[in-house]
Amino acid sequence: MNRKVGPVLEYSRRFSRVLCALRDEIRDPLQYGYQRVNTAEGSLSTSTTATSLDTIVLDTNAEDLASVPPRTLQHHQPQRTFSPILETDDTNPFLEPVEKAKSKSSLKSSRVSFDQEDDRFDEDENSFRKQREHFQKHKSHSTSEHKSQLIKELRHLLATDNRRQFQGKKHVSLDVKSAKVLEQLLKASSSSDDFEGQRKEFQERKHKSLDARHISFKFDKEPSPSSSDEDFEPSTSLLRIDADITKPVIIDLKDLDSSDEEDYISSRKHFQQSKSMSTDSRKSIRFLEMEMGTKEENMRTAVPFVRQITEEGKPKLEVYRPTTNPIYIWTQVLAALSVSLGSMVVGFSSAYTSPALVSMKDRNITSFEVTDQSGSWVGGIMPLAGLAGGILGGPMIEYLGRKNTILATATPFIISWLLIGCATHVAMVLVGRALSGLCVGIASLSLPVYLGETVQPEVRGTLGLLPTAFGNIGILLCFVAGKYLDWSGLAFLGAALPIPFLLLMFLIPETPRWYVSRNREDRARKALQWLRGRKADVEPELKGISKSHQDAERHASSSAMLDLLNKANLKPLLISLGLMFFQQLSGINAVIFYTVQIFQSAGSTIDEKLCTIIVGVVNFIATFIATVLIDRLGRKILLYISDVAMIITLMTLGTFFYMKNNGDDVSEIGWLPLAAFVVFVVGFSLGFGPIPWLMMGEILPGKIRGSAASVATAFNWSCTFVVTKTFADITASIGNHGAFWMFGSICIVGLLFVIVYVPETQGKSLEDIERKMMGRVRRMSSVANIKPLSFNM
């Protein structure tokens, strides 16, 4: 009975204490909280590790607490060290007070010192110690077995790394000793295929000794389980070199020590010297120097093949090759020659009025009357129609293509010359000249665009000047034929010139960039393959063209005119317009159109028709000189030379005519006009004649190239019309000397324009030029032209 009543009394006592505590807390919560804090501070253990209130520690006996009534317990609360608050459902027994020393000895590493003895802690501690000792023993046994394997793997990695470093350094040391063999092979080879075969056979023999599969590793010495990295001492040389250098190199891993650097370096040098001495006559490398304008870059065309083992176990070859294709010149020359024949027709048309007007005004030859006013229109209507042709040509090259636009001018050229040759009235001559001028405007726009998009940057300057050179051939042909033919026969000769041009245009492809703009990449690839050669890898260039087109599409607007007025596009357009302006305002077309009349007014002692022929020959020769120099000196240097030469000669001509008009005797210097004209034409043909047309196809962005070239061409022919139509009026008002001084002053301004605004485009791809002009350029060094190509054998 007492056993059953005891727990009930115990629970009732606990419940009464809880109620008392709650009552005190409700009456004065703040005071009760302070009391609890004070009692807690007093009850903390004096142990150095007891620093928190996480554990409740009792210093009194539970029996004493049980014998005290609840109210007495309340009054004596501050004298107690601490009184725990027990929940009603707490079934835990009261903790018996224990000695603090026992708690400290068993929980020295604990953060809080418990004043309670618990055998389970000692048991857990003993169990933990036993398990830890067992684990350490097990670990020592297991790691001793794996340690040897780990050391073996580490040494294997070290040997592999040292071998690869050694091979790489060995190849570098042998590079400079390898030029003679390939030269001998090249001289002894009958063809490029023969040379390639001998070179590959030589390289295969050469690299047998370098193949990673010929290197064996020896693991015959196993380290003891208790050994460490410090126990290994090198006893022999790192490398054992056989007498036959082509035999595999044995790297003995049992003798390998990463700290033995001196022994390794000595062995490597000895091996390198022996290898290079024994294979001096067989090792080869050839460096070809490729000249790109004024930049000379050494391009690697053959290097040692350093074999490395890939994860699949196959040897990996890494070679360095130029990223640009070798220049396959013949197809590009054919393309440039085909379109340049059209430029010859343009030159013939431009020079026609100079010899033809003299015979056309002769009533003994001509059945209709040609007045001075109608004669000026015969000379001036062609550039005016060229203005319309330039405007019309822009949409044509975008929708019909570059090639088809050029091809479309051949038949109208023939019709225009037949109209002039069969003319019975001056109106027929004017209609023929207008139709001819329309074709001239379209052709002068599309020819540089076609060549700029098909020719490689390395030869774009030279081949890009072929249209100008053939244009000067047309001028020379017109001057020479004009000495023997009248205006009608000269027109029939002009009708025959477009025939070879028409036939050759069927042989060349459309430009790859136009195909890409029309999403016809297969046709673009075929056209690029035709231009670069059958063996050329055209994929990188095709990807560059596609990327440039995509960039242009992202930055394009819905309106073509808005594209032209875009700030990024406006800069190259204004540069092109400026070059066209200073080209025509130099007075070149006034000189070409009225060469005979100028020499007649100068009173030169030399026959005026012979003078025109001399000027035409010099013009032709100077243009071919420019084709040689343009990729060596660059565009801007030739523009400087051209402008300075024109300034000097125009001022000299102005001074000569000024002296003549003032009545001074100039008979002793009658040769001066011809000499000045020759130097003027040479200067113009070197720079300001061909380069504005060439740079129009280079600096204009691809997205607006058609419309912008149309505007530039129309502007050029507008300036031509103004100069040729008003030249007679200008000379009548201010004299010949005033006209030439005016042209010379404009050339001075043109020189400043070139210095400040015109960029250099020599040796740059159209994509690089466009990124620079659009402000999206990323400068690359010449090393960017060489990149590693990896492939498996």
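For all residues, glycine too, the Cβ spot is worked out from N, Cα and C.
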Q.
Annotation N-linked glycosylation site per Swiss-Prot: which of the candidates N364, N716 has it?
A. N364
Q: State whether, in Swiss-Prot, E760 is on the same side of the membrane as Q456.
A: yes
Q) Once the chains shown are all counted, how many other Cβ atoms turn up within 10 Å of the Cβ of N364 (N-linked glycosylation site)? A) 5
Q: Run through the topological domain 'Extracellular' (348-376) and tell me, per DSSP, how many residues are helix, strand and coil.
A: 17 helix, 0 strand, 12 coil
Q) Who are the chain neighbours of the topological domain 'Extracellular' (482-488) in space, where the CB to CB distance is under 8 Å and they lie at least 6 residues beyond its ends? A) 354-357, 359-360, 365-366, 420-421, 423, 609-610, 612-613
Q: Given the cut-off of 8 Å on Cβ pairs that are 6 or more apart in sequence, determine whether the transmembrane segment (704-724) and the transmembrane segment (435-455) share at least 3 such pairs.
A: yes
Q. Do the transmembrane segment (461-481) and the transmembrane segment (327-347) come close, with at least three CB pairs under 8 A (pairs 6 or more apart in sequence)?
A. yes
Q.
With contact taken as 3 or more Cβ pairs under 8 angstroms (pairs 6 or more apart in sequence), are the transmembrane segment (738-758) and the transmembrane segment (377-397) in contact?
A. no
(Q) Within the same chain, where does the transmembrane segment (573-593) have neighbours whose Cβ lies under 8 angstroms from its own Cβ atoms, ignoring anything closer than 6 residues to its ends? I mean 6 or more beyond. (A) 350-351, 353-354, 379, 383, 475, 564, 615, 646, 650, 677, 680-681, 684, 688-689, 691-692, 695-696, 699-700, 704, 708-709, 711-713, 715-716, 719-720, 722-724, 727, 739-740, 743, 746-747, 749-750, 753, 757-759
Q: Average the per-residue pLDDT over the topological domain 'Extracellular' (348-376) and send me the rounded value.
A: 84
Q. Residues sitting near the transmembrane segment (637-657): Cβ under 8 Å, six or more positions beyond its termini, same chain?
A. 586-587, 601-602, 626, 629-630, 666, 669, 672-673, 676-677, 679-680, 682-684, 686-689, 691, 735-741, 743-744, 747-748, 750-751, 754-755, 758
